[in-house]
Amino acid sequence: MPSGQPVFPRRVPDAYIAMRGLVVASLLILLVGGTDAFRICAFNAHRLTLTKVIKESVMDTLVQILARCDIMVLQEVVDSSQNTVLFLLQKLQSSKSYSFLNSSLLGRSTYKEKYVYIYRSDKTQVLNFYQYNDTEDIFAREPFVAQFTLPSKILPSVVLVPLHTTPKDVEKELNALYDVFLDVSQRWQNENVILLGDFNADCASLAKKRLNSLLLRTKAGFHWVIPDGEDTTVRASTNCTYDRIVMHGQGCQKLLKAAATFDFPRRFQLTEEEALRVSDHYPVEVELNKAAQGIPPHCLSTLLLLSLSQLG
């Protein structure tokens, strides 16, 4: 081109601009949307009563723990009325919608406790529930089983089976939990089942050799997503993986994002003494993606850059 001749910028077609914007928007939706997860938790709240929760420090911590979860399964709720749970729901309802579902009081002696589901009613609903019929009295507190909807086309519902074992019968109860799985999966034709709670599945209550011989360990398809060796206790003097989450089903596996204990004393900067006023256990939790795990975020970032370069 002769020097001095004016150079006019090339006009970018509107269709090109629109396509570029669509690619960027679509990939960003995938990148950001992939981080959205549904959290299911289990927590041995250590003899939860109204007298305990009306203490401000305990109530504040419990509400913060509960607010993290889309479904929380509480154990050791020993209130014969609904007052404890209703009080907690009143504190939670300020920002989001919550409902609850509870079992009857369970136990063989004068000491009895409930299983209580507290859940985000704007994100999930109860489809079915029942108290397992423990005809042989194997369980001290037989599972209170519930089926919940999930915000996922891959897995529209999941079954939760909570259990708080008694320490002297851990092995027997955990082996019987396999029968509960068979019962519920046949009853509702759903093999996407999460077994969770304070199993007492470690230390003096269950030696490693006995743990590895459990039916839930030897039968195919069960995934213990809280690792052996993960401390689920608050006391510095103990290091035991009592609390567990066991998942079954292809849908659960496809949507699994993460599983962990929640170290609430560390998160909320509590001393051990302060934390023990709430519980001597950490909550355990599992996060499910709303869509199947597909392209990892770092690959999506690379794909975004490549797509933009191809568009010029």
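Yeah, the Cβs are placed from backbone N, Cα and C, and that goes for glycine too.
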Disulfide-bonded cysteine for CYS240 as listed in Swiss-Prot, from CYS203, CYS252: CYS203
Conformational class of HIS164 (active site) under the three-state DSSP mapping: coil
Greatest C-beta neighbour count within 10 angstroms, which of the disulfide-bonded residues CYS203, CYS240: CYS240
Distance from HIS164 (active site) back to GLU113 (active site), taken between C-alpha atoms, in Å: 10
Between CYS240 (disulfide bond) and ASN133 (N-linked glycosylation site), the C-alpha gap once rounded to whole angstrom: 30
Neighbourhood of ASN133 (N-linked glycosylation site), C-beta criterion under 8 angstroms, separation at least six: GLU142
